[in-house]
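Per TrEMBL, the features are as follows:
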type	residues	note
TRANSMEM	21-40	transmembrane segment
DOMAIN	23-517	domain 'K+ potassium transporter integral membrane'
TRANSMEM	60-77	transmembrane segment
TRANSMEM	150-172	transmembrane segment
TRANSMEM	192-211	transmembrane segment
TRANSMEM	218-240	transmembrane segment
TRANSMEM	297-317	transmembrane segment
TRANSMEM	342-367	transmembrane segment
TRANSMEM	388-412	transmembrane segment
TRANSMEM	424-445	transmembrane segment
TRANSMEM	452-472	transmembrane segment
TRANSMEM	478-495	transmembrane segment
DOMAIN	529-787	domain 'K+ potassium transporter C-terminal'
Amino acid sequence: MDPEFGRGMAPRKRESWRTTLLLAYQSLGVVYGDLSISPLYVYKSTFAEDITHSETNEEILGVLSFVFWTLTLIPLIKYVSIVLRADDNGEGGTFALYSLICRHANVSLLPNRQVADEELSTYKLEYPPEVANRSRIKEWLEKHKTLQTALLIMVMIGTCMVIGDGVLTPAISVFSAVSGLELSLSRDQHEYAVIPITCVILVFLFALQHYGTHRVGFLFAPIVLAWLICMSVLGLYNIIHWNPQVYRALNPYYMFKFLRKTKKSGWMSLGGILLCMTGSEAMFADLGHFSYSAIQLAFTTLVYPALILGYMGQAAYLSKHHTLNSTYQIGYYISVPESVRWPVLVLAILASVVGSQAIISGTFSIINQSQSLSCFPRVKVVHTSENIHGQIYIPEINWLLMVLCIAVTVGFRDTKHMGNASGLAVITVMLVTTCLTALVIMLCWHRSPALALVFFLFFGSIEALYFSASLIKFREGAWLPIMLALILMAVMFIWHHTTIKKYEFDLHNKVTLEWLLALGDKLGMVRVPGIGLVYTDLTSGVPANFSRFVTNLPAFHRVLVFVCVKSVPVPHVLPAERYLVGRVGPAGHRSYRCIVRYGYRDVHQDVDSFEAELVESLATFIKLDALYRCSDAGSGSEQLDDGRYERENALTVIGTNPLRRCLSYEASHDGVSSVDAARSPNGTVEVPAAAAAAAPVTKKVRFVVEAASPEAEKGVVEELQELCEAREAGTAFILGHSHVQTKPGSSLLKKLAVGVGYNFLRRNCRGPDVVLRVPPASLLEVGMVYVL
């Protein structure tokens, strides 16, 4: 348990240029795989049906102008210059923005929030609450629960579209790469070769997921780097050899000429052009694995120039070739010299696999975050690397994605429909990011609402234009991400809504502390050896599942611990701040409360290390609690005996830093908490929270408490001995096995959503014992019926 605390608390140092270069190189394989392979299908999707390539070249030059300015305004200016700065302790993505907003405004719908959570080191605010100005937007959001629900639904929509992109991107990327065979095979051979080869590659890709990205990750960056260099060289060759004047298309006037000539068809073709931005969101989503400077450096110096050269090279070739065979359409490989076509084909397939790997890993990550915020049913999460944080594998989701990817490939069988579907998913996520970033500018950065409005209107109008062009393709493939989003939205909203209602039911039906204390006086109630861990979502009171347990089985363990495993709106919780421990009743009752806090990107511990840390945290708390009582007695306050000593609402941070261990959070009846510093026996006061957080502790220290009196020392030794004996006797995990039913007279929609939908998900998804990694031999389940 005693890791070096100071390392986690030290301020982030400025990266050296060597570290930045190394991270920028590594980011190529993880962040830019998807974005770098977009030239394979952008022109092909754009010219699929809506517009044709004419002798005047107005279409191809107009499309190139759109591609250039789209890449410049969205990935380069919006993401690299603005959105990447809206990080949450170095983490990025949809949930990072939502987490930032929830910390700066009381808009979170998550249950069991505590004021003590605001003392976490990672719970940083841009400005202290007393300094920050109250804005009308913030008051408006905090006042109306409907707006808070709408905000959560918007985040869910973005999440669903990211998952939908996880289905569509591997399909279109691999299919577009393999379709290069059409130039080397006859039409009949091409039809019977491309689809099977694509499906085989997809099966192989998903079958390798359980090995983890880190095992083959060292190959990713060289592949993408080689692909970007190859694309740049081919682009320069085509520009010099075919049309050096193609640079004129960078003039935005060509966009207006394009729309003036093509009119509605040109507007509809924007659904293909927007695919050049595919993968831009990954720059923000994967920010936590790298750094702002590394991602910025890689994009501005390598990825962005390579993409522009690649698109310009294709346009230069097409501007001199107007009699292309309609069977081949306007693909990337038509502009590749025949002498190097096969090596480029192999490299493109490898790059498409890398790009698909990035979006698959991102899908796993965002589902894990949704699950931690009670917005997704419980699934098994496997951590594939002990050294690299955040690399996870979700078996159920992996195989579901594989089946859907193959179904999309076999069902659509062309780039046009896949591009329409993928484009709608991509642009929807970007719209959600724009809306959330505008709120961050106002609520977190405390900038003028006018500045946030300018940001929203400028980038939102560009994305809305592309969104409308994608939405009009509903019947040509855009229906798929909408259908997937509706299904996922229904699942996520039903699960989240019912989870909140179950928490409210538990809160309403919890039993009093007096009832728990009176159990010892009842006839037949016995305390058996061992530790009983009662899992509950409540942070105070005695849960109803425990009362049901002792009613049917009149016995409970000698040491009783009410455990609440909760998520807080921060990406990570330091190990030194993870546990909040307090008493439930007097010291002689040997009942405790332990609240275990995780961030939405944290790795949950295995049961052995969790049990060991929990017991050590209890032992540390027992020592600190004795000091607290002795210091109260020494300061002249009334000393309470064991029969009347009760601090059920007091929780102490127990961690590996001896300074932080002394902080107690006492919840008053109105929910407002205060921070007390426990005094040591010699009368000195320990360092307060801010100083403790900044204190440099660089070596392992085991906290030793010297009792103030022989009586106190004897009580501590007895309590610690009982805890040790209980640990040796064994630990039992007591969990509620819930069944949900609706109240009589509920609407048909509620009966279907809660009574049928939620219970179906609960029965067919992982149970809490699997998520908490409870050993079956130590599990005790208590049946609970929730009437909602």
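Glycine is no exception: its Cβ is also placed from the backbone N, Cα and C atoms.
Whatever TrEMBL says is automated annotation, not expert-curated.
Each of 150-172, 192-211, 297-317, 424-445, 452-472 was scored by its Cβ pairs under 8 Å to the transmembrane segment (342-367), and the highest score goes to 150-172. Here the transmembrane segment (21-40) has long-range neighbours at 15, 75, 169, 173, 176-177, 213, 217, 219-225, 227-228, 231, 275-280, 282-283, 286, 289-291, 294-295, 297-299, 302-303, 306-307, 310-311, 314, 331-332, 348, 351-352, 354-359, 361, meaning same-chain residues at least 6 beyond its ends whose C-beta is under 8 angstroms from one of its own. Same-chain neighbours of the transmembrane segment (388-412): 166-168, 170-171, 174-175, 195, 198-199, 202-203, 206, 209-210, 212-214, 288-289, 360-361, 363-365, 367-368, 379-382, 418, 421, 477, 480, 484, 601, 603, counting only residues six or more beyond its ends whose CB sits under 8 Å from a CB of the stretch. Mean pLDDT across the domain 'K+ potassium transporter C-terminal' (529-787) comes to 71 in this model.
Ranking 150-172, 297-317, 424-445, 452-472 by CB pairs under 8 A with the transmembrane segment (60-77) puts 297-317 at the top.
With respect to Cβ pairs under 8 Å, the transmembrane segment (478-495) is most closely packed against 150-172, considering the stretches 150-172, 297-317, 424-445, 452-472.
Within the chain, the transmembrane segment (452-472) has long-range Cβ neighbours (under 8 A, six or more residues past its boundaries) at 70, 73-74, 78, 82, 267-271, 273-274, 420, 423-424, 427-428, 430-431, 434-435, 437-439, 441-442, 478. Sequence-distant contacts of the transmembrane segment (424-445), counting only residues of its own chain at least 6 positions beyond either end whose CB sits under 8 Å from a CB of the stretch, comprise 74, 78, 82-83, 86, 94, 97-98, 100-101, 103-105, 125-126, 135, 137-138, 154-155, 157-158, 161-162, 164-165, 168, 271, 274-275, 277-278, 280-281, 284, 451-453, 455-456, 459-460, 463-464, 466-467, 470-471, 473, 478, 481-482, 485.
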